[in-house]
Amino acid sequence: MDPNMQNMMSSYLKIKKLVGDEGSDFEEEEEGEDEEEEEQERVVKVNFAESQLKKKKLNLGEGSGGKSGEKHTASGGGVVAQPCCLVENCGADLRNCKKYYQRHRVCEVHAKAPVVSVEGLMQRFCQQCSRFHDLSEFDQTKRSCRRRLAGHNERRRKSSLESHKEGRSPR
């Protein structure tokens, strides 16, 4: 079993142990300040543990959805997506690649390629947006879309003008 999955399962079992078998017997409990405080403490611990478990699931890529190409976990609870390149007919396994490529679901080759086919459209990966755009959004062979390059150039011009005003030479 995957170590992360094993860790999640042990967290789940701890939560289950905290909650115990008290599911529907809450109304039959004796009323007393000590017991109420203990119950409140238990609820806080369970809520905290559940939130930690949800965070772990999200960090592992589990959550909603059940697309093909994903594997189900042993517990049957969530789905873990196999990281693979979005480019058609690529399917490169990104598990051994850098986190950047896993996060954006593109292999290193296609991140730098001038033209790729994604969802039937000829596109290019923008290194500024970290997304695929139509080729019409790029100038010649540049890897950043016009919109992001315009913003970058504007910031450069602005800093250059400010340095002239202060009497410094431009960079």
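Glycine is no exception: its Cβ is also placed from the backbone N, Cα and C atoms.
The region 'Disordered' annotation in Swiss-Prot covers 20-46 (among others).
Taken from Swiss-Prot, the feature region 'Disordered' applies to 57-76 (among others).
Positions annotated as zinc finger by Swiss-Prot: 82-159.
The Zn(2+) 1 binding site annotation in Swiss-Prot covers Cys85, Cys90, Cys107, His110. DSSP assigns Cys85 (Zn(2+) 1 binding site) to coil in the three-state reduction, placing it in neither a helix nor a strand.
Taken from Swiss-Prot, the feature Zn(2+) 2 binding site covers Cys126, Cys129, His133, Cys145. Under a cutoff of 8 A between CB atoms, and with a sequence separation of 6+ in the same chain, the neighbours of His133 (Zn(2+) 2 binding site) are Gln123, Arg124, Cys126, Cys145.
For the motif 'Bipartite nuclear localization signal' (142-158), same-chain residues at least 6 beyond its ends with a Cβ under 8 Å from one of its own Cβ atoms are 112, 124-129, 133. Feature annotation from Swiss-Prot assigns motif 'Bipartite nuclear localization signal' to 142-158; the stated evidence is sequence analysis.
The region 'Disordered' annotation in Swiss-Prot covers 149-171 (among others).
Among the features that Swiss-Prot reports, compositional bias 'Basic and acidic residues' is placed at 159-171.
Apart from the site residues Cys126, Cys129, His133, Cys145, the chain places the Cβ of Arg124, Phe125, Gln128, Arg131, Phe132, Glu137, Phe138, Ser144, Arg147, Arg148 no farther than 8 Å from the centroid of the site's Cβ atoms, the recorded Zn(2+) 2 location. Residues Cys85, Cys90, Cys107, His110 make up the record's Zn(2+) 1 site, and a Cβ search at 8 Å around their centroid adds Cys84, Leu86, Val87, Gly91, Ala92, Val106, Val109, Ala111, Val116 from the same chain. Looking at Cys85, Cys90, Cys107, the binding-site residues in this record, the fewest other C-beta atoms within 10 angstroms of the C-beta turn up around Cys90.
Here the motif 'Bipartite nuclear localization signal' (142-158) has, by DSSP, the following mix of helix, strand and coil residues: 13 helix, 0 strand, 4 coil.
In sequence order, Ser144, Cys145, Arg148 make up the list of same-chain residues 6 or more apart from Cys129 (Zn(2+) 2 binding site) whose Cβ falls under 8 Å from its Cβ.
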